[in-house]
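S.K.: First the structure, then my questions, so here it is.
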Amino acid sequence: MVMSDNNNISYCQAVANRTSFFTTAYNGIPETLILNTIFWVLLILLFTTLRHQAGDFGRLALVNSNGSKKRWTEIFYSRAASVVDPQPSTSTQVTPRPSATSQGIADSTPLSPIQPEEGLFGWIRVTLKLRKETILLHTGPDAVHYLSFQQHLMAVMALVTIVSLVIILPVNFLNGPKENPYDVNAFGRTTMANLSPESPWLWVHTIITILYIPLVVLIMRRASGRNAFKKAATRTIMISNISSSDRNKTVVRNYMQELFPDVTIENVSIAYNISRLYVRNAEFERVHEARLYCEQHRNRDTLMAKPDMCSCKKENAYEYYQREERKLSGDVARLRASAMNEPLDVAFITVSTVQEAQNIVTHFTPGTYRQWHLVFAPSPDDLFWENLNVNKSHWYLKFFCVNTVLFLVLFFLSTPAMVVSLLNSRPWVKETEGKISPLVADFLPTLMLWTLSALMPVIVAISDKWMRHYTRSKQNYSIMTKCFGYLLMMILILPSLGLTSAQALLEWGFTNQADRWQCVFLPERGSFYVNYIITAAFIGTALELLRFPELIVYIWSLLKAKSKAETPYIRKAILIEFPFGTHYAWTTLVFTIAIVYSVACPLIMPFAMIYISLKHFVDRHNLYFAYGPSNMISRKGGKIHSTAVTMTKFSVVILVLVMAMICYFRGENGMARFLLLIISLAITLTLFTFMSPIKRCAATRRPSIVEIAGPAPIYVPDVLKDNGVRTSSVRPSVAGFGGYGSDSVSEYDSSQYSVNSVGA
């Protein structure tokens, strides 16, 4: 809008300068787009070259301990993946098939890539043709829910993009003031700032804002992740707070049978303190596989090991690993025996039907002597068995300390906007203002903002792992919610208000600076977010394909290895699960930014559509070719998928709130629009609270849940099983996948799930 007061214009220009280095024609969007396109093409060519050089090796080759001559490119950028034939529902055995590029595959099946890769860019066609059944079988139900979430975001953003370009953009561009209009090539002419406060065309923006509410809700509520918890293993109950005298299978079984005599108890298991055993077993697994490597290759190549990384002393690798294996084998056996004598206050009881489990959880009342807590058990693959020994009071103390430090650091000391503002105040910036090319000057702030926003989730993820959550789903859920909250405040809310940190927000709250509301959605700030989304869409997604951070971790692990005999173990260790929490937060943040700015700055939507399309393609590729399988689906585990759907509702809530504030602070003529938007906001919040998926996703009482097919899972950690020391230490196993130390990472028992059970 056009400010009638010159003081307000000067004030807003001062505020705008806090989040940008310099200003050029059209606010640097063409330059940013050109630079990002160039870098994107170069990064894609680099990835394609590395992938082509990797050769015809898939994730089967990745974990094959006999593959001694593979290059690093073959580990990270292999062109093929293992695929499996569909199995009957009564069988849990999975037979590996040759890779997608192997010769002799004449016919394609619904569970294999359609065609082998041909040429440098064949991976693009193969990724696009991946079917939901293939992804479900190969990567697990979490991937299907995540991709369904993105597909529904794409549907919403496609409709919003059409409205923005067909309706809002012409209204903004053609109905500006006659006096002192924006230049025809100025970015401000495409924004709502081009309309005067008295313009009746502002009603178009108000009506479209209100219409976006049902659009987002009705489409996103169809995402399959919203019902992720409705098909899970629910016959097992987790009992906690068991006194030391009752930590016995017989006591637990007899007590529950006494309380519920009509219930058939199939199995009872006790959790044990395996934290030390877990660490020692991982060392044993590393040494054991290194010894096997030496045993198979010692006749062809004399291997030497360096026991001390800082020493030059070497010895025969086979003798070293043989000695270490004997030592660690005894330690593992002793720790297993010791763990069996340290039962925890957690037990798992499996009954015959889900109705019986529901009846027990609903009607169990803690007694005078046994203050047990009963909940539906998460999937055994979702549990961090080594963390169950953490005392709850200690866990909550760590939770409070970690989140307090995170809040202070991320909100008050290191927001991206504060860093940009700090650089603006440096003398060298002012001295070089006329020397730096505008092409670089407009590209740097958004690249810096994207880089800092990418580092922030890493800090959150590391802190959450240190907290030692009990389940993977809770860890991912915590990372997702905290990352989204911090990113929303740091990337969207504070910079949109012209603030650099939460401290500035508090100072503004205690002072009377109503003029600042007139600076919301300045053309310069709208273009800043356009540049940000362009950077995230091109450079961000290309870097996700290359996965440089994981490559650095892999190289560091190789440098720490005592000999090259440890390489097979390291190759298995890099096959990590997809970080759903972080990627849900990133994707939802960009969606929220796009929706909030879609009315005032319609040009943001085409680039947001490019982002979600490229992001979906990259995630499809990485989920299938780069990451290990994941299955967090259980009674509580599916909450991460349903809450991600809920978080999308924040976009329309913030949009309506901001539009209402703009109408209120920018002229008396907007009071009618303000009242309409406030009423719409009140109705929206009421519906979200009492009638929308928000309540259902957060409530503890669920609708009826369908039991998955097959036998109930066994609640025993791998390190306590007979073959535990052979299969469990690299990373926890996922249902149906064997251990992560097995020769195949595609042994997923898909008979438990179908596309209909996880689809929209």
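Cβ coordinates are placed from backbone N, Cα and C, and glycine is handled just like the others.
A TrEMBL annotation is a machine prediction, not a hand-curated record.
Per TrEMBL, the features are:
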TRANSMEM  33-50  transmembrane segment
REGION    86-113  region 'Disordered'
COMPBIAS  87-112  compositional bias 'Polar residues'
DOMAIN    111-219  domain 'CSC1/OSCA1-like N-terminal transmembrane'
TRANSMEM  153-173  transmembrane segment
TRANSMEM  201-220  transmembrane segment
DOMAIN    235-387  domain 'CSC1/OSCA1-like cytosolic'
TRANSMEM  399-423  transmembrane segment
DOMAIN    400-661  domain 'CSC1/OSCA1-like 7TM region'
TRANSMEM  443-462  transmembrane segment
TRANSMEM  483-506  transmembrane segment
TRANSMEM  526-548  transmembrane segment
TRANSMEM  592-614  transmembrane segment
TRANSMEM  644-667  transmembrane segment
TRANSMEM  673-694  transmembrane segment
S.K.: Please give the average pLDDT for the domain 'CSC1/OSCA1-like cytosolic' (235-387) in this predicted model.
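M.R.: Averaging the confidence scores along the domain 'CSC1/OSCA1-like cytosolic' (235-387) gives 86.
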S.K.: Just give the helix, strand and coil counts over the domain 'CSC1/OSCA1-like N-terminal transmembrane' (111-219), going by DSSP.
M.R.: 74 helix, 0 strand, 35 coil
S.K.: By a Cβ-Cβ criterion of under 8 Å, what residues six or more beyond either terminus of the transmembrane segment (526-548) are in contact with it?
M.R.: 19-20, 26-29, 32-33, 36-37, 39-40, 43-44, 46-47, 50, 76, 187, 191, 442-443, 445-447, 449-450, 454, 491-492, 495, 586, 590, 593-594, 597, 600-601, 603-604, 607-608, 610-611, 614-615, 617-619, 621-622, 626
S.K.: Excluding the flanking five residues on each side, which residues at least 6 beyond the ends of the transmembrane segment (673-694) place their CB within less than 8 Å of a CB in that stretch?
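M.R.: The answer is 202-203, 206, 209-210, 213, 217, 221, 226, 642, 645-646, 649, 652-653, 656-657, 659-660, 663-664.
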